[in-house]
Amino acid sequence: MINIRKTHPLMKIINHSFIDLPTPSNISAWWNFGSLLGMCLIIQILTGLFLAMHYTSDTLTAFSSVAHICRDVNHGWLLRNLHANGASMFFMCLFLHVGRGIYYGSYLYKETWNIGVILLLTVMATAFVGYVLPWGQMSFWGATVITNLLSAIPYIGTTLAEWIWGGFAVDKATLTRFFAFHFILPFIITALVVVHLLFLHETGSNNPSGINPDSDKIPFHPYYTIKDALGFMLLLLTLLILALFSPDSLGDPDNFSPANPLNTPPHIKPEWYFLFAYAILRSIPNKLGGVLALLASILILLIIPLLHTSNQRSMMFRPISQTLFWILTANLITLTWIGGQPVEQPFIIIGQLASVLYFLLILVLMPLAGLFENYMLKPKW
């Protein structure tokens, strides 16, 4: 009997992607985050769809509609808490996934890496427009501050900002279009994920050692399906604990007040997952310079493959590069902390030093470390 999973046109694609896929036998738990991100995306789309059924994108009723979801809709409070905290889990997995890619040299699969960076930017855009929708104080002022950055672009800046706003300030037109963007972007993300996987399966997965794993591969199912299932359970457990016991711990208290254009909150700050970029933006005292640094802080990921100087792919056997990688990690945590602090000393100078160190590590120190490690490994006799 012919196996349908190997002959049916649709089943064949699923089979080659998730069942009979040859996978390196030594990939660690750091390779779980791809599937966890897929799960996060599914959770966000499903909870978001049900929230959209009850939400109204009008400045007069948006805030009330979110309150109505939490109070009057069956399990609406759960949907909202899962969606809000699901975004945090999504970004946590994203940062760990990108970090894994940098540590183990996965960025040398250039197409997969570049699509991944585009995915990161798209997810960030989705999260930003989504944060505006509840129309609380921080939603409104966050939208005002970030969209205002467009006006720093020479010549066309002001026109561009007003075009995004649909008026002369953030108002009803802005909220309506942001809701439209927030609804469509996850489906664009899903399409990009398919392309991301398509390019990944052209080359096969990297592995911790960074050497060609073709001589030692095992089928994805059952070995990695069961491993992913464990990851799913741990992620769901973490998300449920967060959403059920401490749903507002990652949010801003200002967002429990309806948006008021006449009253500016004392400290305008985005959600925690944008704070590192916000700190880099604030550390430059020039508006256009700050915007360029903000863009560079994310787009720098695109040139990481060009900065690879080592003869080894992975950092597994490169202690100097490992040290610099963990300094970079600590630096990003420092930037995240600074982004949430008021603009005053000593936070200003710490933020500026951390911003300089961020670019210095990626552009100069890590490539130099790779060259030095190559030199140290050369036979000296």
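Cβ coordinates come from backbone N, Cα and C, glycine included.
Note that the coordinates shown come from a computational prediction; the quantities given were computed from them, not determined experimentally.
Residues or ranges marked as heme b b562 binding site in Swiss-Prot: H83, H182. Per Swiss-Prot, heme b b566 binding site is recorded for H97, H196, and the stated evidence type is similarity to another entry. The ubiquinone binding site annotation in Swiss-Prot covers H201 and is backed by similarity to another entry. Taken from Swiss-Prot, the feature transmembrane segment covers 33-53, 77-98, 113-133, 178-198, 226-246, 288-308, 320-340, 347-367.
Feature annotations (Swiss-Prot) mapped to structure.
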| residue | record | DSSP (3 states) |
| --- | --- | --- |
| H83 | heme b b562 binding site | helix |
| H97 | heme b b566 binding site | helix |
| H182 | heme b b562 binding site | helix |
| H196 | heme b b566 binding site | helix |
| H201 | ubiquinone binding site | helix |
Cβ pairs under 8 Å only, please: of the recorded stretches 33-53, 77-98, 113-133, 226-246, 347-367, which one is richest in them relative to the transmembrane segment (178-198)?
113-133
H83 (heme b b562 binding site) sits from H196 (heme b b566 binding site) (Cα to Cα, rounded, in Å) at a distance of 24
Close approaches to the transmembrane segment (320-340) from elsewhere in its chain (Cβ under 8 angstroms; 6 or more beyond its ends):
99, 102-103, 269-270, 272, 274-280, 282-283, 310, 347, 350-351, 354-355, 357-358, 361-362, 365-366, 369-370, 372-373
Long-range neighbours of the transmembrane segment (347-367), counting only residues six or more past its ends (CB under 8 A):
279-280, 282-284, 293, 296-297, 300, 304, 307-309, 321, 324-325, 327-328, 331-332, 334-335, 338-339, 341
With H201 (ubiquinone binding site) as the reference Cα, tell me which of the binding-site residues H83, H97, H182 is the closest one.
H97
Cα-Cα distance linking H97 (heme b b566 binding site) and H182 (heme b b562 binding site), given in Å to the nearest integer
23
With an 8 Å cut-off on Cβ-Cβ distance and a minimum sequence separation of at least 6, pull the same-chain contacts of H97 (heme b b566 binding site), or say none.
F33, G34, L37, G116
Identify, in sequence order, the residues in the chain of H83 (heme b b562 binding site) that are 6 or more apart from it along the sequence and have a CB within less than 8 Å of its CB; answer 'none' if there are none.
Q44, T47, G48, L51
Fewest Cβ neighbours within 10 Å, where candidates are the binding-site residues H182, H196, H201
H201
